[in-house]
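Per TrEMBL, these features apply:
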type: REGION; residues: 1-45; note: region 'Disordered'
type: COMPBIAS; residues: 1-19; note: compositional bias 'Low complexity'
type: DOMAIN; residues: 60-139; note: domain 'KRR1 small subunit processome component first KH'
type: DOMAIN; residues: 141-232; note: domain 'KRR1 small subunit processome component second KH'
type: REGION; residues: 259-354; note: region 'Disordered'
type: COMPBIAS; residues: 273-308; note: compositional bias 'Basic and acidic residues'
type: COMPBIAS; residues: 324-336; note: compositional bias 'Polar residues'
Amino acid sequence: MASEGGTNAAATAASATSEGKNRSRKGKPWDEDDPGSSNLLKAEKFEPASNEGALLETTSFSTTFAKDREESLLEAWPVVKGALKEHGVSCKLSVSEGSMTVSTTRKTRDPYIVVKARDLTRLLSRSVPVHQAIKILNDDMTCDIIKIGDLVRNRKRFSERRDRLLGPNMSTLKALENLTGCYILVQGNTVAAMGSLDGRGLKQLRKIAEDCMNNIKGPLDHIQELKKEREPAKTPALANESWGRILPKYEKENIKLKKPYTPFPSPQQPSKTDLELENGKYSLSDKKKSTKKLQEKPDKQSKKVDGNKRKREAASIPPKESIAGSSESAMATSGDSKVADMVAMPSKKKAKKE
């Protein structure tokens, strides 16, 4: 009873401290997971008449890109330059420095368009196609770049988990695009995504990518949940309510395979010295060992070459033709009679003895 009282007191104290910290902070629409909260974010189209004067200060952003992106960026740069010129933003591509720079001019009226231009350069540096990246300049579009390279240390494990996001023939990626309503591109150590301004799809996608890389939950489980979310979204009564009571809850299971118990210890593996004693290399000097290794190398290579050659030749050898007609039936009957005689021999010997 005392332990229960202590835990309750600690929980109330923790909640009180958290309430104290967030007392002055007002709630934001993106803090809630309810579908109705996304309606509070509305994209109001900017009109140049609302800001007739020029901006007082120039703002610029610079983004670096990899060397293999030079050719594609040089081809696409006229399109990017024309799209930014409509909004009064200047852009510069420096191949020698490997950077893209965007800055405001005296013709710029929208103060937030330079941030959109910065997002455009970030998407282009991550291999997003130009026709898709230019859509970020619209007022109802936003983007998110998820860094997944630091989540897994082992590179082999990282590539395996990244392949889960893609799926066979990009099937998992296409399903996530349809369910979240976002454009997704997995490139290197990042996942670039573009979606609507409400950010609901981008928020879901970030959670899916992080859970997949941390091995918490696979993308297929998230796809099943997103499919079930679509059903209550169709009904108008549940459109603006929380769906937590409807959706299934998954718990992580740690399955440990138990090995069969044996009272005897496992046999000791031979050490390096034991193997050298068996081969007779233990008494040899380092120079003799290296010469012997060089002598054995061409023999191993020739054996491997012969084996690969046999495999290639085996594929071109035609199959043996089966003997059809009476000869086949005759062989079958003769074989059956021989087997019958062999089976009957021991039984005849036993009868004679009796």
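Even glycines carry a Cβ here, placed using N, Cα and C.
Per DSSP, the secondary structure of the domain 'KRR1 small subunit processome component second KH' (141-232) breaks down as 53 helix, 19 strand, 20 coil. Under DSSP, residues within the compositional bias 'Basic and acidic residues' (273-308) fall into helix, strand and coil as 30 helix, 0 strand, 6 coil.
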